[in-house]
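Listed features, source Swiss-Prot:
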type	residues	note
BINDING	13, 14, 15, 16, 17, 18, 19, 20	ATP binding site
BINDING	63, 64, 65, 66	GTP binding site
């Protein structure tokens with residue numbers, strides 16, 4: 001039986017340097033993540049996940065919020081280093097004192113080591129306490145000049161495998177405007193201007209996934225022209241979204257009730273995009289009218 005190797009990244013560093021963004025980034029690229037874990041619990045988490053088939057990638061934030069436990073960190077790191085079943089790295093996030101002070105002023109939060117004092121005093125104490133840990137870190141990232149988006153991109157590029165690079169996915173969603181806009185949509189397209197199958201009694205109870213409705217919607221010249229223009233708009237911008245570190249792009253297509261036109265349009269778009277991208281296709285309101293009729 002092949003021995004399972006666990007990829008472990010311990011994320012640490014200065015408070016305010018971007019550890020929250022970092023751990024979210026690891027989650028986006030498929031890591032199991034825990035924020036603010038006491039060092040003594042790290043080996044126990046690894047032992048639990050060693051027998052799990054769900055993941056072999058773990059990212060854990062260990063920082064001065066767990067100061068009462070932090071004295072144990074060196075012994076724990078020695079254990080991790082000696083574990084042959086671990087591919088172990090430390091990611092240390094840093095920033096200049098001036099930038100950290102600025103970030104604390106912007107968020108109006110107190111520093112964990114200076115709750116009753118000046119932020120700068122807390123930063124200086126933390127830097128002193130973390131200095132040995134920084135010297136052990138294989139990856140030190142200065143976030144002083146980085147935006148959150150740039151930090152996410154840097155982490156994705158550094159810690160993603162080739163397989164993980166496909167973690168960018170597209171959600172193609174159809175919906176009905178009468179039931180509200182999807183809150184998670186990045187791009188919204190309105191196809192209510194197209195001929196409506198609802199007014200054909202033979203098509204009314206079908207959906208855009210049925211061939212009769214699909215053909216009705218997509219064979220009109222207005223539909224062909226709009227779909228062609230939509231493709232010219234969407235396809236060139238997708239690499240840009242991926243490059244900027246976005247993990248999920250939701251493209252929503254809406255009609256009045258979300259049963260006919262938007263379903264047909266979203267289905268065709270999803271099928272075309274699947275040639276080059278990882279795509280999930282969802283029809284939020286496709287059966288809503290049928291469910292309403294059945295309840296009445």
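Backbone N, Cα and C define each Cβ position, glycine as well.
Close to the recorded ATP site, the chain also has 22, 63, 93, 95, 100, 143: residues not among 13, 14, 15, 16, 17, 18, 19, 20 whose Cβ is within 8 Å of the site's Cβ mean position.
Counting other CB atoms no more than 10 Å from each candidate's CB, the binding-site residues 13, 16, 18 peak at 13. Counting Cβ atoms from all protein chains shown, residue 17 (ATP binding site) has 25 others lying within 10 Å of its own Cβ. Counting in whole angstrom, residue 19 (ATP binding site) lies 9 from residue 63 (GTP binding site) by their C-alpha atoms. Residue 19 (ATP binding site) falls within a helical segment according to DSSP.
Counting every protein chain shown, the Cβ of residue 15 (ATP binding site) has 23 other Cβ atoms within 10 Å. Considering only the binding-site residues 13, 14, 15, 20, the residues lying within 10 A of residue 64 (GTP binding site) on a C-alpha to C-alpha basis are 13, 14, 15. Every protein chain shown contributes to the tally, and the Cβ of residue 63 (GTP binding site) ends up with 24 other Cβ atoms within 10 Å. When the alpha carbons of residue 18 (ATP binding site) and residue 63 (GTP binding site) are compared, the span between them is 12 angstrom. Proximity note: of the listed binding-site residues (15, 16, 17, 20), 15 have a CA within 10 Å of the CA of residue 63 (GTP binding site), given in sequence order.
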